[in-house]
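Below is one structure, written out as structure tokens; the observations come after it.
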Amino acid sequence: MDTHIGSVNGAASNQTVGCPASAPGCPMASTPAQPAATLSAGEASLGRHLARRLVQVGVNDVFAVPGDFNLTLLDHLIAEPGLRLVGCCNELNAGYAADGYARARGVGACAVTFTVGGLSVLNAIAGAYSENLPVICIAGGPNSNDYGTNRILHHTIGLPDFSQELRCFQTVTCHQAVVNNLDDAHEQIDTAIATALRESKPVYLSISCNLPGLPHPTFSRDPVPFFLTPRTSNKMGLEAAVEATVEFLNKAVKPVLVAGPKLRVAKAGKAFVDMVDASGYAYAVMPSAKGLVPETHPHFIGTYWGAVSTAFCAEIVESADAYLFAGPIFNDYSSVGYSFLLKKEKAIIVQPERVIVGNGPAFGCVMMKEFLSELAKRVNKNTTAYENYKRIFVPEGQPLESEPNEPLRVNVLFKHVQKMLTGDSAVIAETGDSWFNCQKLKLPEGCGYEFQMQYGSIGWSVGALLGYAQGANHKRVIAFIGDGSFQVTAQDVSTMLRCEQNSIIFLINNGGYTIEVEIHDGPYNVIKNWNYTGFVDAIHNGLGKCWTSKVKSEEELTAAIETALGEKKDCLCFIEVIAHKDDTSKELLEWGSRVSAANSRPPNPQ
């Protein structure tokens, strides 16, 4: 499994903030950043302190949109060795890019201006909060002298109260700090960054526009190391939870394991695999946990997603007499409109800091990583569920062979995509039918995979692709984006070109918001068709390495893939796939009807 910064078990699990690069397991050790040199008093400013802290925790790229309240701060970020400023076309994409970067590296950062920038990035920060990603959102703030006055500033709603932006961020970040004086700026910045890492959630940091260049005694040397309080289990609680779980599982006939998305925040991926090895259980992943544990292990049985699970997976999970879910998120989407056939009394729910066994008891202050490691030492081996899976499993069929120059079908597209994947690849799946098609891809060892299921914001993938590719530049990222989603955030293909990225974008052009059509159709789901390759060519404008292709048949697709992987391997490759508007996966059809039924439930009697 990956052990770079931000992997499930990577260096980001180190509890030190600001540790020297030579420290074992330090987040900085896996990055190309240069160690910060000792600064003179003139250089020892608030802006440089913030920049050095970002580099120390593993942020080497800050995604930014300039505005008059953050310009001086951006000067100081640019001046820091090892820190690159990536200018984005808009704040929403800068936030999405920080989200993608955090997925690749364990922490991300974006910088925007006061209110007009802050409220534009807000949606992306809310998405990062929902996905448990540590993103440091830095906003340039008003001049410190304007606080407490009756002045009305531009970029505001016309009131002398400057707190609207702060109040908006309070609900989508785990910590907020408004830095408008130098005396406690050092503490505020360090606390904000530390809280983001400890909570694995976004934080909001406002810096008054007149402060970044000012020195202060607390900034006069390299940022000193300080430590996050490690989270450890209550030993008695851990022992009691393990004992109760061992008793529950060892009396089961055919127990199974299911990995959930909170494995990432618990950094418990390796512990989960150790549990699989020790127990012999069959294991599945929830859809939003795909990529967090290996799919090459012999006991992997696929994606558990209720009625739209991969073949034979749901039958094994739902027929088990005990199932342990590690880090699950159960919502209407992941439960397919609340249609899971699971029973609480058969379930062990392991959250990052809590374990619930059946209908009870529940054990708090139990860390998932420690719990799974201890459980692996004591559980009996039981391969019954896996043997049942092998008995009923029938390999999936291949799509029907295409006639010469027949219009391209989406299932044929993904047949060829499967052959493209290697351990040096990563997959980004946009909200929509790409969710379901990409779930069926079998990931080679080391292949990354990301999508945003909890928040499900269409357009997320363009910015996330930019950020993920910037943070994981050792991988070639392949993104699947619907035409409707692409129209929301298309501009930052420009930034990918400026950053010389070589990702492959498959733009699936089927004429509208297909996922919405399958939930509830209407004329609002039809969009204006673009010449997407022409659009990207216009953005390219002869500057940077870019190659585009429009494909309508399997023959054209195979030729385009061959070119993208060969002659144009160093280019950003944009392949527009023309698909029929009704060409959807069978899983989307099933899922859409169930979610529609859940959405349209009549009010309960009053």
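Positions of Cβ are set from backbone N, Cα and C atoms, glycine also.
According to TrEMBL, the feature domain 'Thiamine pyrophosphate enzyme N-terminal TPP-binding' maps to 46-150. If you take every residue in the domain 'Thiamine pyrophosphate enzyme N-terminal TPP-binding' (46-150) and average the pLDDT, you get 96.
What TrEMBL records for 242-352 is domain 'Thiamine pyrophosphate enzyme central'.
Here TrEMBL flags 452-577 as domain 'Thiamine pyrophosphate enzyme TPP-binding'.
The feature Mg(2+) binding site is assigned by TrEMBL to ASP483, ASN510, GLY512.
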| request: Select one residue from ASP483, ASN510: among these binding-site residues, choose the one with the most other Cβ atoms within 10 Å of its Cβ. | output: ASP483
| note | The DSSP breakdown of the domain 'Thiamine pyrophosphate enzyme N-terminal TPP-binding' (46-150) into helix, strand and coil residues is 53 helix, 20 strand, 32 coil
| remark: What DSSP reports for the domain 'Thiamine pyrophosphate enzyme central' (242-352) is 39 helix, 21 strand, 51 coil
